[in-house]
Amino acid sequence: MNKNSSNIMALAPTTSNKRETVCIFGTGDFGRALGHKMIQSGYPVVFGSRSTQTSSLIPKDAEVLSHAEAAQKATIIIIAIQREHYNFLTSLAEILHGKVLVDISNNLKLNQYPESNAEYLAQLVPGAKVVKAFNTVSAWALQSGTLDASRQVFVCGDDMEAKQMVMDIVRAVGLTPLDQGSLLAAQEIENYPLQLFPMWKFPILLSLGLVAFFFFYCLIRDIIYPYVYENKDFSFFIAISIPNRICPILALILLALVYLPGVLAAIIQLYRGTKYRRFPDWLDKWMLCRKQLGLVALAFASLHVLFTLVIPIRSFVRWRISSQIVSQVLNNKTEPLNNTNAWLSDSYLALGILGFFLFVLLGITSLPSVSNNVNWREFRFVQSKLGYLTLILCTAHTMVYGGKWFLSPSSYRWYLPSAYMLSLIVPCAVLVVKFVLIFPCLDKPLTRIRQGWERNPQHSE
């Protein structure tokens, strides 16, 4: 009997799982979505509002009270209202004293005010413990269960205990808190949702500049030149032919630009004899956006594949093939198979297929869901070793395609080389320098430098 009693007592819970009440000021979209999510997570929720009338939009298990009454019922108060409406909080300063105020607001533009909204809130209610959180999550993300949106929530605050309480709430609703330090980080956190593709700006602008340059370059060589000297109208090339030249050119150049900063960094480190000096700002920014450059390059490579697939159904191509067939019939002569051209054609296609396959593999491994499941050595092998192999294959694909025209005078229209020749400059330069850097006489000292060795330690910064 005693044994059974002791077992029953061991299975009984020793502590209560009941969570503390949370107050939300504001019944807008985000306040309601957050309240609903918190109720699902086991938190009692009370809303503070100017109107205490319940609505069908309010979660049914939540209570709606005046701001003062709601604040008295909770230790944590989430401020789900805009900054311009914060002034009423000064009249509640005595009630809010010692409570945790969670500022979730955002602004309409970067650095809209001299101080962050959270710091402004701390000035209005000096006795409260202000924490910045939830401003990077949307109401839609909360309503969709955060399955299709970012799960990260940046949190900052001066009071460690208050910040920990808020981070516990973040985890409870299925999100991932990231501690950003003191309340001084609030300005940066508030600016984060307002940034428009910050790491994509350089790759996109560079791509647009290269697209414009090569478009007009191909326009001059392939449309204007034949019209002036041969009176032929090839203006329809603008739809398929010219884009199908520009896309592989940009894919190859941008892929080379992904690996060029690494080569330049190695040269700088060898020259300085140390890794403890900062790279120039332009090189730092370039290295930070290599992933975006690679993804843009993959997009252009994919477009090249799609454009190539439609070539057989083009009217111009079908006309040219039928003209060749008619010409052979009229001349009663069949052109024999040229084994050299057949080898070049098949090699060109095989190199392109292999290069594109590895290109896609690089893109897949750059996805967070994939990169998070591989260790550093595996990630480095794919992005570095296979990356250079991809660059070699794509460069060889281009050279095999038009190598026979390099020394042909007819390929230089108005003394302008074909566009694909220009596309080989950067990748060939990167591969040549990389090949030189793997020589033992350079690779060994570079490895030592990256492991911490310095040529002149007294001059390191």
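Cβ coordinates come from backbone N, Cα and C, glycine included.
As recorded in TrEMBL, the features of this protein are as follows:
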DOMAIN    21-107  domain 'Pyrroline-5-carboxylate reductase catalytic N-terminal'
TRANSMEM  204-229  transmembrane segment
TRANSMEM  249-271  transmembrane segment
DOMAIN    249-394  domain 'Ferric oxidoreductase'
TRANSMEM  292-313  transmembrane segment
TRANSMEM  347-365  transmembrane segment
TRANSMEM  386-407  transmembrane segment
TRANSMEM  419-442  transmembrane segment
Chain residues in Cβ proximity to the transmembrane segment (204-229) (below 8 Å; excluding those fewer than six residues from its ends, i.e. six or more beyond): 197, 235, 237-238, 241-242, 245-246, 249-250, 253-254, 257, 293, 296, 300, 413-414, 416, 418-419, 422
Proximity of the transmembrane segment (419-442) to the transmembrane segment (249-271), 3+ C-beta pairs under 8 angstroms: yes
Rounded mean pLDDT for the residues that make up the domain 'Ferric oxidoreductase' (249-394): 88
Counts by DSSP class (helix H/G/I, strand E/B, coil) across the domain 'Ferric oxidoreductase' (249-394): 122 helix, 0 strand, 24 coil
Helix, strand and coil residues within the domain 'Pyrroline-5-carboxylate reductase catalytic N-terminal' (21-107) as assigned by DSSP: 32 helix, 19 strand, 36 coil
